[in-house]
Amino acid sequence: MRKLIVAGNWKMNGTRQLAADMVHALKETSLPTDVSVVVFPPSILVGSFVDCSGCKTGIQNINSEPSGAYTGELSASMVKEAGCSYVLVGHSERRSLFGEQDDLVAAKVKAAVGNGLMPVLCVGETLEQREAGDYLAVIKSQVVLGLSRLSIAELEKVTLAYEPVWAIGTGRTATPEQAQNVHASVREVLAEEYSRKVADEMSILYGGSVNAKSAGALFAQPDIDGGLVGGASLKVNEFLTICSAAADNV
Ligand SMILES: O=C(CO)COP(=O)(O)O
């Protein structure tokens, strides 16, 4: 059974006060057990979330190496020890601003799984790639290369997130049909590359300007298993509304 997940990616935003408010609100909110909430705060705020009964905690990035002279970096085992369960890998901001390519993404996915973390592998096309019409091939290659170091058994630890770059932080959400189309194609890629079981069981989240208004119609799509929310996850009430929209689709 695939999980319905609402994840909040705070990026380089948020304060200890916001973290305390979010933790408090999530503890007070009762959601069906089939809905998982994950918050990815900046790493320095992870400690505020790890004991929260209403959500799981994620980290926004790891280094693929186990330890060593990598100033400023965190290894998967450190993140696990700090109480995180999830890690974002391959976010388009990491790809475009920090030059991360598919081989590094694959190494991070492997390091995550090898250390008991669940990677959320992010994929998605730029506006240019969408307009050129070859976006499904771009997304396919990001999925296949990103997962290339995992065994079949390890795939069950992975969540995918489709985040079209043109929809991130732009207020221009993909339509439910556009997103469903890509999610269904990604599921077909998983079935072809691995098996129908893998395809049916992997959660695929949608991200890109998800907000309280757009969440319901997106989450109602058959191949959309929740959302990876940026800006709207920094507003406590709006994030809770998005979580409730997922609960409505259990
Ligand atoms: O990048 C995102 C989540 O990882 C999406 O960000 P926005 O929801 O702000 O568009």
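In case you wondered, yes, glycine gets a Cβ from its N, Cα and C as well.
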Can you tell which of G54, G68, G169 TrEMBL lists as binding substrate with N9, W10, K11, S209, G230, G231?
G169
When you measure from each Cβ to the nearest atom of ligand 1, which of the binding-site residues W10, K11, G169 fall under 6 angstroms?
G169
Given the binding-site residues G169, G230, G231, and counting only Cβ atoms in the protein chains shown, which has the most within 10 Å of its Cβ?
G230
Cβ-centroid neighbours of substrate site N9, W10, K11, G169, S209, G230, G231, 8 Å, sequence order:
N13, I168, V229, A232, S233, L234
Residue pair G230 (substrate binding site), E163 (active site, proton acceptor) - Cα distance, angstrom, rounded:
11
